[in-house]
Amino acid sequence: MKILLLAGDGIGPEIMVEAEKVLTALALPVTLDRALVGGAAYAAAGHPLPPETLAKAKAADAILFGAVGDPRFDNVERHLRPEQAILGLRAELGLFANLRPAKMFAGLEDSSALRPEVASAIDLLIVRELNGDVYFGEKGTRTTADGQREGYDIMAYSENEVRRIAHVAFRAAQGRRGRLCSVDKANVLETSQLWRDVVIEVAADYPDVTLSHMYVDNAAMQLVRNPGQFDVVVTGNLFGDILSDQASMCVGSIGLLASASLSESTQGLYEPIHGSAPDIAGQGVANPLAMILSLAMLLRHSGGDEASAVRIEAAVAQVLADGCRGADLGGHMGTAALGDAVVAALNG
Ligand SMILES: NC(=O)c1ccc[n+]([C@@H]2O[C@H](COP(=O)([O-])OP(=O)(O)OC[C@H]3O[C@@H](n4cnc5c(N)ncnc54)[C@H](O)[C@@H]3O)[C@@H](O)[C@H]2O)c1
Ligand SMILES: CC(C)[C@H](C(=O)O)[C@@H](O)C(=O)O
Ligand SMILES: [Mg+2]
């Protein structure tokens, strides 16, 4: 398997080193390649997703992605901003299905932003559509009739886009506890009404899955009131982005949530849900566990290597059960020490 490592910006390179340690410890028959992406690529080559990087991504079986984003480039033209790299990869590779699992690790109940008895029940999967919505609709700024500046981003979903993500979500629910909650804003948005109608149509193919619907404002509330009620949540690009960051604090830290971005093929991109964390970059304190868990998802979904994925996940669970904590979880272990602890648990 050919894996492309795109470390990116901020804490991206720091946490990527730890994932590479884990990969080395597993001694799998993989070939690794690297390329610049994000602000690092913009600084070196004038574009956040240079053609060489995109070509390498297309040729890879899987991509392990750190994070992009650099405050130095927050004011460059939008199409050259570091974040365009990840958006470009999602679009160019047809990565429409973003799986973001959030599960309470044993021993972390007191680290949740929620009460331990509420948090301990969390075992959910957010299936976020990744190729549509306001992210990819027509956007711009214009001048209104009365001379004001106006920004706009068109929210749109075609029925085919909804149908294909709905199938992914229903199949995921079949492999879990058989419950799917579709989150939308159908009381206000036409986009969401079509979303809901199509999800209901697709449900006919999955009589073994119990489908429910929830407005996104209520979903945000229910996620902190009683997160244990959720099994699989399917939602659009923007709502999924927001709800997944929220879910991360319900299980203790954004430094724990991994993700898989999947296409129609076995090719996928795997990344933590967090960003480049400029506020802690370069200090060696970033939590590498989301990155390491993203590697596990890579091996499972693109590598077909369930055994290695389970080994990594068990090692991470062991490390957390043993009390290893970085600053994000109220502890003192640095990025490298946490990576070393996972490797030790793998070998132990
Ligand atoms: N997929 C991506 O590459 C991605 C995702 C989200 C944000 N971003 C970009 O990252 C930059 C920073 O964005 P932001 O600050 O809104 O979000 P962020 O996720 O980078 O950071 C939010 C907060 O969480 C903390 N945090 C994040 N990851 C952590 C980790 N592994 N360990 C410990 N603490 C961690 C940060 O220190 C910060 O306080 C922006 O340029 C943004 O566009 C990129
Ligand atoms: C960096 C940004 C474009 C990205 C998104 O909004 O999808 C990030 O927040 C994420 O969650 O991966
Ligand atoms: Mg996000």
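Note: Cβ is positioned from N, Cα and C throughout, glycine not excepted.
The substrate binding site annotation in TrEMBL covers ARG90, ARG100, ARG128, ASP217. Other C-beta atoms found within 10 angstroms of the C-beta of ARG90 (substrate binding site) number 20, with every protein chain shown included.
Here TrEMBL flags ASP217, ASP241, ASP245 as Mg(2+) binding site. With a 10 A radius on its CB, ASP241 (Mg(2+) binding site) counts 18 other CB atoms from all the protein chains.
Annotation for ALA277 (NAD(+) binding site): spatial neighbours GLY10, ILE11, ALA67, ALA286, criterion Cβ-Cβ under 8 Å with sequence separation of six or more. Positions annotated as NAD(+) binding site by TrEMBL: GLY275, SER276, ALA277, PRO278, ASP279, ILE280, ALA281, GLY282, GLN283, GLY284, VAL285, ALA286, ASN287.
As annotated by TrEMBL, domain 'Isopropylmalate dehydrogenase-like' applies to 2-342.
Here TrEMBL flags TYR135 (among others) as site 'Important for catalysis'. TYR135 (site 'Important for catalysis'): 18 other CB atoms within 10 A of its CB, across all protein chains.
Per TrEMBL, site 'Important for catalysis' is recorded for LYS185 (among others). Of all the Cβ atoms in the protein chains shown, 20 others lie within 10 Å of the Cβ of LYS185 (site 'Important for catalysis').
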Using DSSP and collapsing to three states, where does ASN287 (NAD(+) binding site) fall: helix, strand or coil?
coil
Near the Cβ of ASP245 (Mg(2+) binding site), how many other Cβ atoms are there if near means within 10 Å?
15
Return only the integer: C-alpha distance in Å from ARG100 (substrate binding site) to ASP245 (Mg(2+) binding site).
10
Highest CB neighbour count within 10 A among the binding-site residues ASP217, ASP279?
ASP217
Where the C-beta lies under 6 angstroms from ligand 3, the matching binding-site residues among ARG90, ASP241, GLY275, ASN287:
ASP241
Could you list, ordered by sequence, which of these binding-site residues: ARG100, ASP241, ASP245, ALA277, ALA281, GLN283, have a Cβ under 6 Å from ligand 2?
ASP241
